[in-house]
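K.L.:
Quick one: the structure is below, questions incoming.
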Amino acid sequence: MTTYSETLETAAQQFDQAVKSQPSQLTVTEIGTVEEVQRGIARVHGLPHVQVDEVLRFAGGHLGYAFNLDPDQVGCVLLDSSDQITAGSRVERMHSVLDTPVGDQLLGRVVDPVGRPLDGGRSLDDLPREPCERDAPPIMQRAPVTVPLQSGLKVVDAMIPIGRGQRQLLLGDRQTGKTAIAIDTIINQLGRDVICIYCSIGQRSTGVARVIENLRRHDALDHTIVVIGADDAPPGLQFLAPYAATTMGEHFMRQGRDVMIVYDDLTSHARAYRHLSLLLRRPPGREAFPGDIFYVHSRLLERSTHLIQSAGGGSLTALPIIETEAQNVSAYIPTNLISITDGQIYLSPTLFRKGVLPAIDVGRSVSRVGGKTQLPAYRVVAGDLRLTYSQFEELERFARFSSQLDEDTRATLDRGRLIREILKQTQFQPLTLPQQIASLIAVTNGVLDGVPVDQLPTIERAIQDAVTSQANDLCAQMQSGKKLDKQQVGQIANIAAGAVHAHA
């Protein structure tokens, strides 16, 4: 018969075993309270240890992140709709910074900045994730830009060349063809081992759907990632979009691969940042933008570069798009971006109305880095082409005031008009290097002099077909990066002349 003390001792031992069998780790979670909600932002009380850019979970699983750290409250940017977030609801720290999925499984997908699929495809939760915000590569890890990025557009590749790792700005008034140039460049990367990322910021959903359909129709979606911060998305998601897209591109760059990213457009990005900053009572500056708007864009674009081999050896080429108003390129955001980037391509509404497509104003466009990467075949014609075209544009302005022109001036005007016609190009039809060189040699060597403008597109195609079929060795030489001598240029000009006579 057991005594009372033995029973008590047995119970104590069983209690000790039960306590030891339970997990001993306790989790401490900081819980805050929403004080105020406005469109895109919330003010939260009760998170004393929260950090900048830390992810916060609101009621219903909605996400946001810490943006302002004030002494008595936290200003949060919402990544989901604020309709279901009310004052008094709970907010929980996630102890992680904003991140986004990365990897090859993203190719061909349409996602939002935090990696949620928008195309109805499978979830991407199993992919590795990397922070959206990170420092740009240091100077000693950067290599010179030496390899060209072919756009497939004659006017760009010949006179405003782009290199892999360059930041080339596309700017112009709305509806002048900025996105069209970017999409043509993406299409032209098919088969060139370049991964493309199209980042839509504040654009209409119908316009983005049209872009995706065009990429799919031209077999360019398989090597492209589409990141969308639509116009009906919260401003915080629009602000985050380019940083998340850049993180996706940096992942491939560190693997030694070449990436091209299009930001369409950073004007909407700046407006989203202005919206958030004004709601969170950050001091406004010029045009009501916060004083750090330059830093916001520079820290984004400085992440695009060409890495040395020890750092990965890949490249990230940026094509940011900016929308100007009434051709005012000296406004605040355009001048900021011009000073940050390595060159700009300006699209003129005047040329657009004249039917000159792409409507690139060569005189106001420049590539400060790409000229060193241009393939030697272009250099045979690019210098004469730019000089002749610049003289033509200057003479054309003065010729309006005079009806009596000498023969040399008339010849320069006629040649300039031919060059302008030959630089026109239909959208979604990027040209190969031999096709471009054939057209440019034909126009600079006078082969097309006297050809009626209405017959020029047909004759140009005939010249391109003739050169690519009759001069295979020269085409291979151009593709390999070798220079053409005068005899070879003359050979191409003779083939072009034969094609012109055949269609006379």
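Glycine is no exception: its Cβ is also placed from the backbone N, Cα and C atoms.
Quick paste of what Swiss-Prot says about this protein:
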type	residues	note
BINDING	Gly172, Asp173, Arg174, Gln175, Thr176, Gly177, Lys178, Thr179	ATP binding site
SITE	Ser365	site 'Required for activity'
K.L.:
Would you identify which of the binding-site residues Arg174, Lys178 has the most other C-beta atoms lying within 10 angstroms of its C-beta?
P.N.:
Lys178
K.L.:
Quick one: which residues besides Gly172, Asp173, Arg174, Gln175, Thr176, Gly177, Lys178, Thr179 have a Cβ within 8 Å of the ATP site's Cβ centroid, in sequence order?
P.N.:
Glu323, Leu347, Pro349, Phe352, Ala359
K.L.:
Quick one: Cα separation, Ser365 (site 'Required for activity') versus Arg174 (ATP binding site), in Å?
P.N.:
17
K.L.:
Under a three-state reading of DSSP, tell me whether Ser365 (site 'Required for activity') is helix, strand or coil.
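P.N.:
It is coil.
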K.L.:
Same chain only, sequence gap of 6 or more: which residues have a CB within under 8 Å of the CB of Thr176 (ATP binding site)?
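P.N.:
The answer is Leu347, Ser348, Pro349, Phe352, Ala359.
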K.L.:
Around Gly172 (ATP binding site), which residues of its chain at least 6 apart sit with Cβ under 8 Å of its Cβ?
P.N.:
Lys178, Glu323, Thr324, Gln327, Tyr346, Leu347, Ser348, Pro349, Ala359
K.L.:
My understanding is the cutoff is Cβ-Cβ under 8 Å with a sequence separation of 6 or more in the same chain; which residues meet that for Asp173 (ATP binding site)?
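P.N.:
The list for Asp173 (ATP binding site) reads Glu323, Thr324, Glu325, Ala326, Gln327, Leu347, Pro349, given in order along the sequence.
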K.L.:
I'd like the number of other C-beta atoms within 10 A of the C-beta of Ser365 (site 'Required for activity'), please.
P.N.:
21
K.L.:
Let me make sure I understand the structure: which of the binding-site residues listed (Gln175, Gly177, Thr179) has the fewest other Cβ atoms within 10 A of its Cβ?
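P.N.:
Counting other Cβ atoms within 10 Å of each of the binding-site residues Gln175, Gly177, Thr179, the minimum falls on Gln175.
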